[in-house]
Amino acid sequence: MLADPTGRRILRDRPRISSKTLSMTRLRALAPGTVGRAYVDWLDREGVTPDTRSAVRYIDDEECAYVMQRYRECHDFYHAVTGLPVVKEGEVALKAFEFANTLLPMTGLSMLAVATMKKQERGRFWSIYLPWALRNGLRSNEVINVYWEEQLERSVQDLRGELGIEQPPDLREMRAKERAERKKMAKQTA
């Protein structure tokens with residue numbers, strides 16, 4: 001963050017993302033397709049709030065603790081920009097992206113959760129989402145240096161373009177199609 005002008009400004013200003021600092025009512029009033037609206041729509045769809053993240057503990061250095069807290073608080077913006085849902089598959093894909101983008105060790109360790117996925121989910125992760133995560137995480141600007149509070153009224157598509165992030169295939173849609181196909185096959189065999 002120190003190597004980036006916006007990152008330095010974030011470290012100086014120390015903004016926090018919570019329901020006290022962001023008005024959910026204001027975000028819901030933003031035009032569809034804006035960063036703020038995509039964020040609040042994602043929060044609503046997934047049933048989480050900006051306050052869901054626990055506070056960082058066990059980090060003695062104040063600046064490092066802030067960076068980790070900022071990372072946690074920005075995580076849902078990463079979900080909103082990529083469209084990845086809060087299901088194990090979506091989380092592991094996002095953690096892979098974050099690891100390639102930030103090199104935070106804990107994000108890399110989180111990818112071990114792939115071992116607990118169902119066979120079909122693992123196949124999708126290895127063939128679709130891991131390649132997407134690595135490609136986009138490595139080539140995009142560092143998302144920890146985005147001053148999200150200043151991007152709320154921007155087009156999410158424009159921000160994705162500026163950051164160099166391509167939206168991954170819609171995981172919700174893929175899962176819904178697979179469920180429908182399984183139901184159809186079950187009816188045919190019944």
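The chain as shown is numbered from 1 upward.
Just so you know, glycine gets a Cβ as well, placed from its N, Cα and C.
Cβ neighbours of Glu91 (Zn(2+) binding site) (same chain, under 8 Å, six or more residues apart in sequence): Leu84, Ser110, Ala113. Positions annotated as Zn(2+) binding site by TrEMBL: His75, Asp76, His79, Glu91.
The helix, strand and coil residue counts that DSSP assigns across the compositional bias 'Basic and acidic residues' (165-183) are 13 helix, 0 strand, 6 coil. Look at TrEMBL and you will find 165-183 tagged as compositional bias 'Basic and acidic residues'.
Per TrEMBL, the feature region 'Disordered' maps to 165-190.
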Should anything in the same chain at least six residues away from the compositional bias 'Basic and acidic residues' (165-183) have a Cβ under 8 Å from its Cβ atoms, list it; otherwise answer none. 81-85, 87, 89-90, 93, 120, 124, 128-129, 132-133, 135-136, 140
Looking only at His75, His79, which of these binding-site residues has the biggest number of Cβ atoms within 10 Å around its Cβ? His79
Give me the count of other Cβ atoms within 10 A of the Cβ belonging to Asp76 (Zn(2+) binding site). 23
